[in-house]
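*Asks:* Annotation source TrEMBL lists transmembrane segment at 12-32, 78-97, 104-125, 131-148, 160-179, 221-241, 253-280, 346-365. Marked as domain 'Lipase maturation factor 1/2 N-terminal' by TrEMBL: 125-286. For 389-531, the entry in TrEMBL reads domain 'Lipase maturation factor 1/2 C-terminal'. Under the heading compositional bias 'Basic and acidic residues', TrEMBL lists 605-627. Look at TrEMBL and you will find 605-692 tagged as region 'Disordered'. Marked as compositional bias 'Acidic residues' by TrEMBL: 641-657, 665-683.
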């Protein structure tokens with residue numbers, strides 16, 4: 001399908017990806033001490049065994065920059081925080097500065113997140129982490145090389161690389177719809193899945209309570225709509241008809257917005273919305289802005305390519321080659337075109353390779369198709385699998401909690417008589433507490449508590465570590481439960497005993513008179529989830545040994561070097577700040593700065609245009625005739641728009657990066673001038689030959 005002009009959607013996509021990287025790095029940074037610190041649930045230093053092997057061999061065994069931590073005098077925990085801070089700073093800079101939304105910058109962001117993913121264990125093994133890495137790698141191919149070449153102009157291969165984002169969107173949505181049917185889940189086949197979904201999802205929003213009260217016929221109709229949007233509509237992504245692609249775009253946006261309003265799925269839905277931008281073109285973005293798209297052949301890849309493939313152009317090249325004094329002038333233009341062709345070939349080959357290996361995880365939804373793939377494709381996929389370049393997806397395969405939402409509640413006591421529930425910030429627990437709104441933050445412990453409730457504690461070894469750290473009173477772990485430790489019931493003294501019970505939760509219903517109930521939830525007791533334990537308990541010690549959760553070696557001593565001290569200082573400044581507040585504060589400030597810069601840059605062209613209108617002298621009839629004869633004015637007698645104003649306007653629009661029209665790179669302008677000179681020389685040669 002024809003991509004059309006995709007410069008503006010491409011820039012919008014890169015801006016969105018820089019913002020999502022910011023969300024991901026900041027969200028993870030806040031939780032690193034409690035999850036991966038030396039006193040955390042799963043210390044990251046256990047994942048890296050420094051055996052004295054060469055650094056390159058260590059990278060091959062586990063591709064992460066954390067192998068370099070000892071060489072910098074850092075322990076693994078501090079190195080993880082440093083990588084997060086660098087990633088957050090780099091992504092924030094990319095949000096603010098258009099020139100930093102560059103292929104090299106996105107490569108650095110991908111390497112940083114990949115390094116964290118390699119030691120993240122179960123707390124980073126979510127589909128959105130894999131999707132972020134895959135989409136982030138596509139950004140390396142889609143983004144321009146601004147820092148090296150200094151040009152943000154259109155490239156002939158942009159349509160090819162940006163097509164990969166559309167293909168990823170298709171794989172994500174189509175697979176998510178198909179697995180609902182192939183799983184043979186009775187709720188999806190019976191169209192009743194959404195009658196359970198809103199109250200059984202991991203962290204619902206307050207609007208989920210209201211969605212749960214909708215009539216059953218509406219819930220069934222919503223399931224049908226979900227199947228249509230996830231299974232049928234994705235085929236329209238590749239339709240040659242532009243209107244069908246735009247219709248598919250708005251349907252996907254509708255689904256993602258409804259999911260965001262009813263559930264907290266961190267940055268996952270934002271990632272999907274960013275991929276949906278691949279369905280747009282410049283013309284539709286101009287329609288949003290209320291602007292008429294100007295004809296600009298310089299930004300038309302297809303026109304440029306067609307120009308170089310016409311017989312007249314080939315004839316011109318032959319004439320130029322035959323004329324000796326034109327050869328030197330043609331060399332630079334030829335090399336530029338040759339380099340452009342080489343770029344197109346390389347990026348097209350990369351896109352074809354990405355598409356080919358993505359067939360392996362995509363065909364997991366159908367066994368026969370997967371088995372019929374060429375073995376060479378499988379081997380290629382196995383080579384790159386550890387880098388998360390392509391992944392399989394399938395959301396809400398089966399609907400859980402049909403008989404009630406299972407929830408684990410931890411209780412503590414000092415006398416084994418009076419028990420106090422330990423309430424989490426985000427997951428349901430307190431019956432009167434309203435559901436939280438935490439998007440785009442992902443509280444990873446709360447999410448894993450939801451998964452743990454679906455099985456037994458033996459399927460979640462980290463839960464034993466959680467009980468152990470709470471008995472020890474480790475503050476880093478307590479802050480995962482309550483960022484304000486004063487809200488933790490045992491903040492002054494750790495509990496002597498801990499236990500966990502499993503309950504089933506349901507949303508409450510409106511009263512008979514239509515008024516709202518006093519509580520959001522109701523629950524019933526089901527069973528004991530984890531037995532009563534204390535420090536030194538034989539059962540607890542055996543579980544810690546069985547899962548390898550006992551410290552086998554002492555952690556590295558804290559370094560007083562500059563970098564570790566700076567990392568610890570940053571941590572002291574953000575300690576106790578709720579993660580959603582920190583994320584939205586950073587994003588709101590950066591978005592406000594971007595908006596102010598855009599408004600300021602848009603104001604300059606208007607002032608310049610006003611000044612030109614005031615200075616323009618009144619033209620007489622003879623002046624009109626003269627200017628018309630000179631070809632310097634249009635049929636209305638208005639002078640052409642000054643080139644300086646156009647360039648200034650283009651510069652302001654380029655700074656906006658996602659809502660203004662394309663700018664023509666310096667190299668494209670130089671190439672046009674050279675082509676014009678060549679055409680003039682060729683016409684002189686033709687006239688000379690005719691006279692001879």
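For all residues, glycine too, the Cβ spot is worked out from N, Cα and C.
Remember, TrEMBL labels are computer predictions, not curated facts.
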*Asks:* Between 12-32, 131-148, 160-179, who has the most Cβ pairs under 8 Å to the transmembrane segment (346-365)?
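*Replies:* Highest pair count goes to 160-179.
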*Asks:* Mind checking which residues reach the transmembrane segment (131-148)? Cβ under 8 Å, same chain, six or more beyond either end.
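*Replies:* Residues packing against the transmembrane segment (131-148) from afar: 10, 13-14, 17, 20-21, 24, 99-107, 109-110, 113-114, 117, 155, 158, 161-162, 164-165, 168, 172, 267-268, 271, 274-275, 347, 350-351, 354, 387-391, 393.
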*Asks:* Helix, strand, coil residue numbers for the domain 'Lipase maturation factor 1/2 C-terminal' (389-531) per DSSP?
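*Replies:* For the domain 'Lipase maturation factor 1/2 C-terminal' (389-531), the helix, strand and coil counts are 35 helix, 33 strand, 75 coil.
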*Asks:* Mean pLDDT, the domain 'Lipase maturation factor 1/2 N-terminal' (125-286)?
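*Replies:* Mean model confidence (pLDDT) across the domain 'Lipase maturation factor 1/2 N-terminal' (125-286) is 92.
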